[in-house]
Amino acid sequence: MRLTHVLSHTLGLLALGATAEAFSRSREAACGPKKPFRPLPTSQSRDKTCHVRSHGDGTDDSDYILSALNQCNHGGKVVFDEDKEYIIGTALNMTFLKNIDLEVLGTILFTNDTDYWQANSFKQGFQNATTFFQLGGEDVNMYGGGTINGNGQVWYDLYAEDDLILRPILMGIIGLNGGTIGPLKLRYSPQYYHFVANSSNVLFDGIDISGYSKSDNEAKNTDGWDTYRSNNIVIQNSVINNGDDCVSFKPNSTNILVQNLHCNGSHGISVGSLGQYKDEVDIVENVYVYNISMFNASDMARIKVWPGTPSALSADLQGGGGSGSVKNITYDTALIDNVDWAIEITQCYGQKNTTLCNEYPSSLTISDVHIKNFRGTTSGSEDPYVGTIVCSSPDTCSDIYTSNINVTSPDGTNDFVCDNVDESLLSVNCTATSD
């Protein structure tokens with residue numbers, strides 16, 4: 001019964017992506033069923049077409065790509081032909097674009113020259129994030145249903161040897177104001193699949209993400225999307241098979257709509273982590289997550305906030321002591337299967353010592369959170385618990401609501417861990433504290 005539902009849901013999303021190839025200039029009309037927090041600007045029509053040349057012999061095609069972009073910038077369409085493979089071995093800064101479409105019908109493949117990419121990929125100034133390219137400007141669309149391949153296997157193996165290497169992100173959407181991304185197939189990213197930074201009014205529609213390691217070395221940190229310092233973003237109608245957050249709202253993400261996603265193998269749809277860097281102010285507000293299927297994952301709804309004292313999860317992930325707020329966050333309608341936590345809210349992220357976390361509570365507040373209409377079954381890994389809502393102090397969490405949460409463990413239990421939170425606002429079975 002579950003398998004039938006999963007297959008029908010996934011195939012439905014893929015069908016949505018396929019029909020999106022009839023590209024719509026009206027981004028607002030393309031959004032549904034929910035509409036974005038603010039109207040998305042309409043894309044202008046294009047009046048010329050440029051086809052990208054390819055060497056066809058494994059040689060770097062970056063010069064051909066830049067030539068076509070310059071030729072068709074300001075009102076044109078650049079086509080990556082269906083029967084061609086395009087090799088990118090050069091870091092491309094494409095933030096100069098305006099009123100242009102990139103129609104990807106063929107395959108774009110990044111080289112596996114790890115020394116070059118570590119030295120030349122674009123450093124984004126957040127959590128060691130680097131990108132193969134930077135796509136930005138104004139009214140830029142990238143669609144067509146073709147494939148973008150990050151050649152990730154060499155990076156998965158290298159990261160197993162040295163977890164401080166700089167692994168490029170497949171899609172760097174940097175400084176884009178007005179754009180549509182998708183439909184596209186994204187494969188084998190070395191790290192995140194999307195890093196959306198300093199951008200606004202962007203629609204992601206019909207993205208098919210997949211790429212697992214073919215060796216014993218896992219593909220790690222392969223988030224589907226990370227938004228950062230970005231506003232009015234829509235992510236919808238997509239299928240994500242990965243090994244980390246399906247979507248993650250990083251610092252200063254505002255007015256974000258996520259809807260109609262099928263996530264498999266992920267760490268959930270996450271706010272944060274936030275408060276990682278001392279003396280920095282992180283804000284995430286006005287986020288609506290709707291109609292999600294989450295399978296074989298660690299979490300569904302997740303809010304991750306660092307405590308007020310420094311702590312460390314690993315050599316490349318440590319911090320705590322930052323301030324800010326999480327406000328007006330809604331998770332509405334989710335089907336889960338084999339997920340460890342249906343809901344996980346913590347202000348002790350990275351700190352295993354709960355006593356120390358409570359002694360130095362987070363300076364980042366969580367308020368006005370609504371989680372509703374969840375159904376399904378957990379993995380049972382946390383039996384008898386199916387969720388956890390743990391704040392570091394009652395003064396730093398307020399107005400957290402849950403309703404219609406019909407989630408059980410395989411054994412039929414539905415217990416929650418609740419700490420420093422107003423249980424009268426929760427419709428769940430709080431039976432334990434984090435102590």
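FYI, residue positions are counted from 1 along the chain as it appears here.
Note: Cβ is positioned from N, Cα and C throughout, glycine not excepted.
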Query: Which of these links to Cys391 by a disulfide bond in Swiss-Prot: Cys397, Cys418?
result: Cys397
Task: Among the glycosylation sites Asn128, Asn296, Asn328, report those whose Cα falls within 10 Å of that of Cys263 (disulfide bond); none is a fine answer.
output: Asn296
Statement: Quick note, Asn252 (N-linked glycosylation site) and Asn291 (N-linked glycosylation site): C-alpha atoms separated, nearest Å, by 24
Query: When you scan the chain for residues with a C-beta under 8 Å from the repeat 'PbH1 3' (253-273), skipping those not six or more beyond its ends, what do you find?
result: 6, 9-10, 13, 16, 31-38, 224, 227-247, 282-306, 326, 329, 331, 339, 341, 344, 349-350
Message: Helix, strand or coil for Asn353 (N-linked glycosylation site)? Use DSSP.
response: coil
